[in-house]
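Asker: So Swiss-Prot lists these for the protein:
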- 129: active site, proton donor (ACT_SITE)
- 42-332: disulfide bond (DISULFID)
- 206-221: disulfide bond (DISULFID)
- 357-368: disulfide bond (DISULFID)
- 362-396: disulfide bond (DISULFID)
- 398-407: disulfide bond (DISULFID)
- 353-408: domain 'EGF-like' (DOMAIN)
- 69: N-linked glycosylation site (CARBOHYD)
- 216: N-linked glycosylation site (CARBOHYD)
């Protein structure tokens, strides 16, 4: 079994380097908005139809959470991801060093083969948030438990080492095991479903959160975190897409929201090129509601999330929500009214504008992005009369196989 999986991984990595960016780079879709909300119950249980297709939003068949366009795998639903529960219970050994990599990969392979169709070409998102693969990134009480458990594990496994050597061994063994779990899982997914876009949710991180700071908030990513992102070259090499989070922090002032989103996306664009000759596609995760109040995002909020993502040149935005959105007929109607009245019209506007700019400036062989990322007023929007803009503030990011200022030059 071990040799078989190892061979599959090598073959899969070769396949994925050939096929890595097939999905959201077709000329017809320079920017996509993807639905990652389990809303199937609205139609099935309450008779409320959510017209996602008519609004230009990409969804799975039947609006199911897992399907041909997007599937997200949580910590307790995929392989043998090790973590500690809220009461300190160790699941799958608790720490990466304590889980069998071979058993994890065997179980993950079974789940991939049975949950994703053989022609799957959607987004495959792994949501593993309990620990960070670099030792120094596990700060705060929630994550420090993994450092403490690693030290205990090392003391049990290597009792002959002195305390300083045990601490060093805990550090290195944690990082080696964490890397193996994440790297081999991505390679396995890309082997078995090579047309899918595989990556981890919330990677890369940025560390530019809002903590009631003074008026000098810039939105820049924390220097220590950008350094760690550079150290994670192996993760970007194994990924075929990046899924950073642009969830707006509670009470983040409107004046700072664009800077918050922009710098998170710019960091993703930076790491997208670290291990690839052509950048990985970036699809930012956004929410439908504010975390603190539960209010739906306003039109201004949508501009600072979806609008900024399109203007900076991402491949798309993934809209996330949980089962609460479809938990009752009333909530389904609220979601319907928000879709039809606010979200849907804005998505139609942005996706049409992105397509028009792609064809007018980039000959349909690339997507438009701001010439100056900090030009806050430059958006891919249709005019109020639905006419096209001049797009003078945008340049082209060419798709793989094309080059030049307007993506007109074939590139082998």
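Don't overthink the numbers, they just go from 1 along the chain as shown.
Every residue gets a Cβ built from N, Cα and C, even glycine.
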Asker: What is the nearest of the recorded positions 69, 216, 221, 396 to residue 357 (disulfide bond), using the Cα of each?
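Answerer: Closest recorded candidate to residue 357 (disulfide bond) by Cα: 396.
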Asker: Would you report the average pLDDT that the model assigns to the domain 'EGF-like' (353-408)?
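Answerer: Residues in the domain 'EGF-like' (353-408) carry a mean pLDDT of 92 in this prediction.
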Asker: For residue 221 (disulfide bond), write down the residues of its own chain that are at least 6 apart in sequence and whose Cβ falls under 8 Å from its Cβ; none is a fine answer.
Answerer: 206, 207, 208, 263, 264, 267
Asker: Taking DSSP as the reference, which of helix, strand or coil describes residue 362 (disulfide bond)?
Answerer: helix
Asker: Of the recorded positions listed here (42, 129, 362, 368, 396), which is spatially closest to residue 69 (N-linked glycosylation site) when Cα positions are compared?
Answerer: 42
Asker: Going by DSSP, how much of the domain 'EGF-like' (353-408) is helix, how much is strand and how much is coil, in residues?
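Answerer: Final tally across the stretch: 10 helix, 12 strand, 34 coil.
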Asker: What Cα-Cα separation, expressed in whole Å, is found between residue 398 (disulfide bond) and residue 362 (disulfide bond)?
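Answerer: Distance (Cα to Cα, whole Å): 7 Å.
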